[in-house]
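S.K.: The structure that follows is given in the form of structure tokens.
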């Protein structure tokens, strides 16, 4: 799944860049011919950063799944496919679907607030396409770590929520910008560095996993955090920067198909 996510993101980036270049030349040609271009529309959407626009779709998906939990007729499906549990008959699809699933409004609001807060930083760091690949992969990887911990301890409890994937985002930003100042939403007067915040979160989840706390899925949090730290330190170089052969093969296939079509 992770390979497919990064491969699709690389092709998406290629198509996006190709479209931007084509649009640029069309606009330049229109200017040269003296044609008037339609004025760009304003509004709240255009005032958002690229990161905020990117995570809007993720937030909308989480809200949609949250609404599905409110439908009594959907409960059986939701428990089967939108909660992760290694003892369930469905194992693979919940590793991704549970990442978009929240039963509690407060749980969803807190996770989406953190995602929104870090969206501009993480998309500036990785770009839209790479971020989506990392986020989806983080959901699956953090759930897999949760599966391993549950199997090791024998505590088969269903889990759900975007916390594992969001921990990847938080850990990636804090690793790259450890001196950035952060604050707690309810206590804005107390500030601390991103590096210290990441250390405290990892220590808390390590203690929770070791001592068997059941407040959160501490294994998923740790899995997500470690994946985020690893990716911005090594993964970007190993995975994203080696996408050229795939993009080249896609370009050659697109060029060949265009040639056959007489374009």
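The backbone N, Cα and C atoms fix where each Cβ goes, and this holds for glycine too.
Pulled these features from TrEMBL for this protein:
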- 54-71: transmembrane segment (TRANSMEM)
- 91-116: transmembrane segment (TRANSMEM)
- 95-235: domain 'Peptidase S54 rhomboid' (DOMAIN)
- 122-148: transmembrane segment (TRANSMEM)
- 184-204: transmembrane segment (TRANSMEM)
S.K.: For the domain 'Peptidase S54 rhomboid' (95-235), DSSP counts of helix, strand and coil?
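M.R.: Across the domain 'Peptidase S54 rhomboid' (95-235), DSSP assigns the residues as follows: 104 helix, 12 strand, 25 coil.
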S.K.: Hey, which bits of the same chain come close to the transmembrane segment (54-71), Cβ under 8 Å, at least six residues off its ends?
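M.R.: Same-chain contacts beyond the ends: 48, 78, 82, 97, 100-103, 105, 108, 111-112, 115-116, 119, 123, 128, 131-132, 135, 162.
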S.K.: Taking all residues of the domain 'Peptidase S54 rhomboid' (95-235) together, what is their mean pLDDT?
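M.R.: Taking every residue in the domain 'Peptidase S54 rhomboid' (95-235) and averaging pLDDT yields 91.
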